[in-house]
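To start, the structure under review is shown below, and the notes come after it.
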Amino acid sequence: MIHFTKMHGLGNDFMVVDGVTQNVFFSPEQIRRLADRNFGIGFDQLLLVEPPYDPDLDFHYRIFNADGSEVEQCGNGARCFARFVRNKGLTQKHKIKVSTSAGKMTLRLERDGGVTVNMGVPILDPAQIPFKAKKFEKTYLLQSAQQTFLCGAVSMGNPHVVLEVDDITQAPVADVGAQLTRHERFPKGVNVGFMQVVAPDHIKLRVYERGAAETLACGSGACAAAVVGQLQGKLGSRVRVDLPGGSLTINWEGEGKPLWMTGPAQQVYDGQIQL
C-alpha cells in the first residue's frame, strides 16, 4: 500500500509521494493509470520525493507527466513539494534546498502559506533549451501548418515557447498548442504559452503543457512568459501573471540573474492506494 497526498498549485494538480520513508517505484503504465481522472486518482503530474543525492541538499525529487514521461521542472510542483515535506515532518526548515533533473533550487516557505521558489537563471541559449536556431534572438519566427508565429523561446529547466495574443480568451490554445508542442525545432518537445500583455507589470497567460495539454496553471510557463515579455521590452522586472487557476508573482532583474516565483500551494487530501 502506497501513501500519497493530493495537492494543487492554482488548480495544477499533483499526486505527491514520499519516497524517503516508503520504497516506491512507478512504471509509465502505472502513472498513466493513476493519472486517469475517471478510473484513477487524477492529476497533471506525479511528484516523487527522494533522499538527496548531494549532502549539501535536503531532498531530490522527480516529476512525471500524466502520460508517464519524466520531465525536468515544474514550478507549481516545486511549491507543492515544499509544502508537502514541511507538512509531513520530513523537514522543519523554512528554506529548503532541493535538486531535480534540471538542477538545484531553493524554496522558501512564506508566513502567509505561499511558497517562493528560486527558479534559477533562465536559459536563453537555443542549444541548451534545446531549440534549433543559429543564435539567440529576442523574437523568433516559427512556421507550422502554413502559419508563421512570432515567439520567444526560453528554458526554465524545461523548454518553453511564448506567443503574444491580443485576447487570451480567444487564443487557439488547443489547436496551435498541439501543433507546436511537437515542433521539429524543439527536439525534446516544448510547453507552449499564450500571453496577453495587460500592462508592464501584468499579463494573462494560458499554457499548453508538453505531455499534459492545457492546464489551469503552469509555474515555469509563467516564468518563461515574464522573461520573454521583459526581453522584448514589454514587461518590467516584477510581473503579476494571471492564469486560469489564479495568480503568481514573478521577479526577474534581467539576463544572468535568477528568477523568483511566488504563489500558493494547497493540500487537498491524503490517501493510500494499492498498485
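Glycine is treated like the rest: Cβ placed from N, Cα and C.
Annotated substrate binding site per Swiss-Prot: ASN12, GLN45, ASN65, GLY75, ASN76, ASN158, ASN191, GLU209, ARG210, GLY219, SER220, in sequence order. Around ARG210 (substrate binding site), a 10 Å sphere centred on its CB holds 23 further CB atoms from the protein chains shown.
Per Swiss-Prot, active site, proton donor is recorded for CYS74, and the stated evidence type is sequence analysis. In this structure, CYS74 (active site, proton donor) belongs to neither helix nor strand by DSSP; it is coil.
The secondary structure of CYS218 (active site, proton acceptor), as reduced to three states from DSSP, is coil rather than helix or strand. The active site, proton acceptor annotation in Swiss-Prot covers CYS218, and the record cites sequence analysis as its basis.
Summarising the environment of TYR269 (site 'Important for dimerization'), the number of other Cβ atoms within 10 Å of its Cβ, over all protein chains shown, is 8. Under the three-state DSSP scheme, TYR269 (site 'Important for dimerization') falls in the strand class. The annotation site 'Important for dimerization' is assigned in Swiss-Prot to TYR269 on the grounds of sequence analysis.
Here the C-alpha separation of ASN76 (substrate binding site) and CYS218 (active site, proton acceptor) works out to 6 Å.
Counting other CB atoms no more than 10 Å from each candidate's CB, the active-site residues CYS74, CYS218 peak at CYS218. Each of ASP44, VAL71, GLN73, CYS74, GLY77, VAL207, ALA212, THR215, CYS218, GLY221 belongs to the same chain as ASN12, GLN45, ASN65, GLY75, ASN76, ASN158, ASN191, GLU209, ARG210, GLY219, SER220, is absent from that list, and has a C-beta within 8 angstroms of the C-beta centroid marking the substrate site.
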